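TrEMBL has this to say about the protein:
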- 7-158: domain 'N-acetyltransferase' (DOMAIN)
- Val89, Thr90, Val91, Arg97, Arg98, Gly99, Ile100, Leu101, Thr102: acetyl-CoA binding site (BINDING)
- Tyr130: active site, proton donor (ACT_SITE)
- Phe419: active site, proton acceptor (ACT_SITE)
Amino acid sequence: MSSEQQVEIRAVTEGEQLEWLRCSRRTFLYPKTVTAEHVEHRRPTWEGQRLTGAFDGDRVVGTYRSWEWSLPVPGGAGHSVLTDHISTVTVAPTHRRRGILTRMITADLSAARERGVPLAYLVAGEAPIYGRYGFGAAVAGQTLTVRVPASLAHVPTGTEGIRVELVDDADLRAEAPVLFAAVAAARPGAVLRTERFWDEALGLAPGPGDDATAARPALIARDASGAAVGVARYRAQESWQAMRHDTTLEVHDVFAATPAAQAALWQHLLSMDIVDRLRITERPLDDPLPELLADRRDALAGEGSDHLWARLLDVPAALEARGWLGPAGSCVLEVHDALGIAGGRWRLDVADGLATVTTTTADADVTCDVGALSAAYLGETSLVALAAAGRVRGDAAAVGRLSAQLAWQPTSWPTIGHF
Ligand SMILES: CC(=O)SCCNC(=O)CCNC(=O)[C@H](O)C(C)(C)COP(=O)(O)OP(=O)(O)OC[C@H]1O[C@@H](n2cnc3c(N)ncnc32)[C@H](O)[C@@H]1OP(=O)(O)O
């Protein structure tokens, strides 16, 4: 067996992309044969992205993909930071636990910092992997299961003026991306989507061997002027025989410009015939659905999980880029970073919804590792909870105030944004 030192980490050439894709899909236990057609299908997505490979001789034994992408942060629409978006992280089972991921990710994070990118993020395959590299679990998602039929006891004002139309998935192409972009811009941590993502998600660009899915049913909610104000997508079991007995409708990608439009979509979905339950994925932690129901036990929360992991690369730039809802006040914050990328000690002054961050040598009020601050950065994970876990240290009043300052409403939104 070759030693770790013989494994070379470098950019993948066009001619190596097929082996690179094979390595990633094999490691993710993808069941289908990967061909040159799959590479052609992925090429539009890879344009402008960095594809890195770990090579043992001419064999690809590790994959890593990253690119610059904007991420909404607390502060409302218009508050976003440039990020290093990381994906397709794999090391072949034959080459695991020899430091290959460590070499790929530390090189990528350091290079991103040098380019002036203040934040990195990814959606983790498994929770224990990324904490050691300074990532913190920053956006959680939940799956709600709701018995059908169920009725809404409360609806927000204006729900009666919303009309819900049944369309095909493909019919969403013109209107859904614009609506999604507007909704996502105001939700911290919402992974933004490319045009290519929409083509693939709506079944308009099927990969080799994939079924064309563009005719799946979907819903559009429209206001009195006819403008699209909400979208919901869903799929049922494949055969009607299975559906005669016990039918779960998998509902995903529900988003709306207003609470009324969202409630109108739920009203429609909760009253569908031949359906026993809805299984609704990718919901934020503050989803109002249980509050709308006549019997809140009709909605069971389950499968809550970390979704997006964030990693601060430039603490002052990232803290100054976001908005602040909490009380005005100052503290000295010391951040440790074992990778030597983002550590330092700063005075943080919060006032009028903004923060000013300046280097200081004063004693620290609050001290933590970069992973803990990264977890709290998007406003959802509580700094007080991190302190209770021993991951943040300092005077309780200073930690409590910084925790209240970092918190943001509405919470983050666990969107799926790339393939
Ligand atoms: C954004 C994404 O793409 S998420 C998807 C991540 N990929 C996967 O889950 C696919 C299956 N897994 C893999 O391909 C590999 O196991 C990887 C990429 C997760 C790890 O690659 P490796 O090269 O083995 O990691 P490396 O050797 O650098 O490990 C560094 C440390 O992390 C630990 N570690 C790595 N992966 C895991 C894991 N899944 N669970 C627990 N610990 C882990 C190692 O034990 C090691 O710890 P140590 O330094 O204390 O010895």
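Backbone N, Cα and C atoms are what each Cβ position is placed from, and that goes for glycine too.
Structural mapping of features recorded in TrEMBL.
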residue: Val89; record: acetyl-CoA binding site; Cβ neighbours (10 Å): 23
residue: Val91; record: acetyl-CoA binding site; Cβ neighbours (10 Å): 23
residue: Arg98; record: acetyl-CoA binding site; Cβ neighbours (10 Å): 19
residue: Ile100; record: acetyl-CoA binding site; Cβ neighbours (10 Å): 21
residue: Thr102; record: acetyl-CoA binding site; Cβ neighbours (10 Å): 15
residue: Tyr130; record: active site, proton donor; Cβ neighbours (10 Å): 26
residue: Phe419; record: active site, proton acceptor; Cβ neighbours (10 Å): 15
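Restricting the average to the domain 'N-acetyltransferase' (7-158) gives a pLDDT of 96. With a cut-off of under 6 Å between the Cβ and any atom of ligand 1, the recorded positions Val89, Val91, Tyr130, Phe419 reduce to Val89, Val91.
A Cβ within 8 Å of the Cβ centre of Val89, Thr90, Val91, Arg97, Arg98, Gly99, Ile100, Leu101, Thr102, the residues given for acetyl-CoA, is found for these other residues of the same chain: Ala54, Gly62, His95, Arg96, Arg103, Met104. Taking the Cα atom of each, Arg98 (acetyl-CoA binding site) and Tyr130 (active site, proton donor) are about 16 angstrom apart. Separation of the C-alpha atoms of Val91 (acetyl-CoA binding site) and Phe419 (active site, proton acceptor): 19 Å, rounded to the nearest whole number. The acetyl-CoA-binding residues named in the record, Val89, Thr90, Val91, Arg97, Arg98, Gly99, Ile100, Leu101, Thr102, extend over a maximum Cα to Cα distance of 15 Å.
Annotated pair the residue listed as 'active site, proton acceptor' and Ile100 (acetyl-CoA binding site), C-alpha to C-alpha distance, rounded: 23 Å.
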